[in-house]
Each structure stands twice: as C-alpha cells, then as structure tokens.
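Per TrEMBL, the features are as follows:
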type    : residues            : note
DOMAIN  : 21-122              : domain 'Pirin N-terminal'
BINDING : H55, H57, H99, E101 : Fe cation binding site
Amino acid sequence: MKKTISSIIAARLMAEGVGASVRRSIGSRHLRQLSPFLLLDYMETANTEASFPDHPHRGLETVTYVLQGTIEHEDFTGSRGVLGPGDCQVMTAGKGIMHAEVPKPPENGAGLLPATGIQLWVDLPADFKNVDPHYRDLRRNFIPVTEPAPGLRLYSLSKETSITKTPIWFLYYKWFGTNEPLRFESPVIPPGWASFIYVTKGQLTIGNGRSTGGEDASSNRSILENQSNLNENTLESQLIVGDKVLGEHDLAAFERSHEAEEKIVVDLPVDLPVTHTAFGNDEKSSVEFLICAGQPLEQPVFRDMFFVELSKEDLRQSKVDYRDKTNGFERGRDWKSKIAGSINYKFTYKTK
C-alpha cells in the first residue's frame with residue numbers, strides 16, 4: 001500500500017543566525033513538529049560573512065548534512081572541525097552544549113556558489129535528556145551508497161542502524177535520469193512511524209500518476225495556509241488526496257499507519273542520463289529529495305528556541321541553568337568560539 005499524504009508545507013525563507021538564511025518546513029507555524037522530528041531547515045547562503053554564532057542547545061539532537069560548500073563547527077567541549085560536501089554530523093546536546101557553525105560557500109569559474117545543507121532536529125527520549133553532550137561525524141566515504149533503480153542513487157545515512165538515540169531513517173536520493181520515467185517505492189515504513197519527503201531540487205509526483213499529470217502543490221499550500229484551526233502539535237489537517245506534484249522546498253508529511261505495510265510512492269520525470277561524480281559542483285542530478293521516518297516519542301514537548309524539555313518547569317529551569325552557567329553549562333562561563341568569536345552577537349534568554 002502507498003502512504004497517504006496528510007499535509008504539504010512550502011518551506012519559508014527566513015533569516016537565521018547572522019547574515020544567513022534558511023528555508024524552514026517542520027518547526028514553522030504550519031507544522032510545529034512531527035514527533036520525533038522538531039525542525040527541518042534547508043540552509044542556502046552565498047554570504048561569505050554568514051554564521052550561526054555561539055548559542056546553546058539542550059534536550060535534542062541535530063543531524064547536519066552538507067550538500068555544497070563546507071560548514072565549520074566548534075563547541076565548548078573543545079571539538080572543532082569542518083564538514084565537506086556529503087559529510088554528516090550528529091550532535092547530541094543532552095544536558096547542555098554551546099556551539100557555533102560557520103558555512104563557507106564554494107567557488108567556481110563564475111564566482112561564489114551558495115553553501116547548502118540540511119539540518120534536522122530530533123527529540124531526545126526522556127532517559128537521554130541529561131546525558132553528556134557529544135558528536136559523531138559520518139564522512140561521505142563511509143556513508144552507504146546504493147542504486148535502487150537505474151539513474152537513482154541513495155545515500156543511506158540512517159536506516160538499519162539509527163544515527164540518533166530515537167530510531168530514525170535519513171535517506172537522501174539523487175535522480176540522474178534515464179530516457180524513461182521512474183515509478184519508485186521507498187522501503188516499507190515501520191508501522192506507527194512518522195514520515196515525510198522533502199524536495200531539495202527539481203520536482204516529483206507523489207501518488208498513483210506520472211509527473212505529466214497531478215496538481216501543483218501551490219493550491220494545497222494555499223488551503224493549508226488559510227486553515228485557522230491547524231493543530232500546532234499534530235497533523236490533523238487531512239486535506240491531501242490523490243496525485244500531488246511537489247516542487248523545490250515542498251515537504252509532504254504522511255499519515256501514520258499502525259497496521260498496514262505502506263511505502264512512499266514517487267514518480268520521477270524523464271531525463272537524459274548524464275556523467276556524474278559522487279559529490280561536487282559538477283554533479284548534474286535533476287531531482288534530489290530526502291525521505292525521513294522516525295518512531296514517535298510518547299512524551300510531552302515543551303520547546304523554546306534551542307531547548308526542548310518535558311515540562312514547563314523543566315524549560316524554565318533550562319533557561320536559568322544557561323543564564324547562570326550551571327547544571328551542564330559550566331564550560332560556557334568563559335567560552336567563546338574562535339570561528340565566530342569576533343562577531344558582535346550575544347544570545348540571551350528571558351527566564352520568566
């Protein structure tokens with residue numbers, strides 16, 4: 001059986017950090033969360049001065065996947081490094097961390113290209129909220145790559161073994177094309193799991209038809225944006241049926257099925273085969289998309305920017321701990337990152 005779409009979200013361009021911008025889908029006012037997923041940002045910036053300066057996190061994990069350019073990172077544990085195209089990093093914030101991230105756009109003969117990447121926030125199970133913060137890097141040479149169909153390449157960052165404490169799939173696809181359209185089916189989504197697909201390049205069709213048919217996602221977005229009773233914590237807007245065309249930066253979230261074995265069905269357009277490399281600016285894919293699935297956490301979510309807790313009191317205490325640099329934030333008392341330390345920016349929290 002194919003998965004049924006419950007909502008389509010158009011990721012909105014917004015300023016973030018200093019001189020940077022992101023396209024946010026999950027975590028926006030139209031889709032506050034999709035447990036266990038708290039936020040999905042697509043970063044795209046050609047500003048050489050852009051950065052995400054020193055800021056805290058607690059109670060969550062971040063998955064950062066670089067598509068183009070590089071991202072330099074540093075935190076108060078002493079960890080520092082650079083992620084290149086195709087690299088992934090998982091940060092477990094646990095009981096508290098402070099870090100900075102600085103994207104660097106690549107250059108080609110015509111000038112600067114935008115630095116691009118994906119960041120996904122995943123809620124931490126209650127038993128892991130107070131673990132020590134740590135990182136795990138997945139370099140592109142060690143990420144499994146397969147070809148599930150001619151012209152389609154899959155980068156399996158997380159599937160058989162989850163890269164986060166909460167079981168998730170993180171599957172990135174690139175369609176290089178053939179002289180025939182492709183009807184592609186995802187692996188079977190585990191019963192009860194949340195799932196979504198996000199298009200980073202080109203367009204595709206979800207449902208039972210080829211991409212020559214189907215309705216443009218813009219009409220679905222307008223319906224969604226006009227809903228005044230959209231629940232902020234769940235997907236209750238069952239408004240999408242049939243074939244749907246998703247364009248760049250559209251996200252489709254799917255209904256959760258607790259019994260049936262369901263797959264996400266994708267139709268990819270005809271495209272001529274091209275020469276390509278593993279990663280790089282000369283890569284000529286016509287469509288790229290991310291499929292994620294995750295086991296929902298049956299626990300409360302209280303979030304205020306970078307902190308995710310289980311109650312209002314825990315959230316208030318997190319703000320106090322960060323302000324006073326206690327209970328996990330002690331190393332932040334005199335810490336200032338080298339990669340973004342010269343930027344005139346200071347993050348503060350109101351504790352009331």
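Note: Cβ is positioned from N, Cα and C throughout, glycine not excepted.
Curation plays no part in TrEMBL annotations; they are all automatic predictions.
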Drop a 10 Å sphere on every Cβ of the binding-site residues H55, H99 and tell me which sphere holds the fewest other Cβ atoms. H55
Within 8 Å of the Cβ centroid of H55, H57, H99, E101, the other same-chain residues by Cβ around the recorded Fe cation site are F52, D54, P56, D75, M91, I97, M98, A100, F306
If H, G and I count as helix, E and B as strand, and all else as coil, what does DSSP give for H55 (Fe cation binding site)? strand
Is it possible to list how many residues within the domain 'Pirin N-terminal' (21-122) are helical, extended or coil according to DSSP? 0 helix, 68 strand, 34 coil
PLDDT averaged over every residue in the domain 'Pirin N-terminal' (21-122): 93
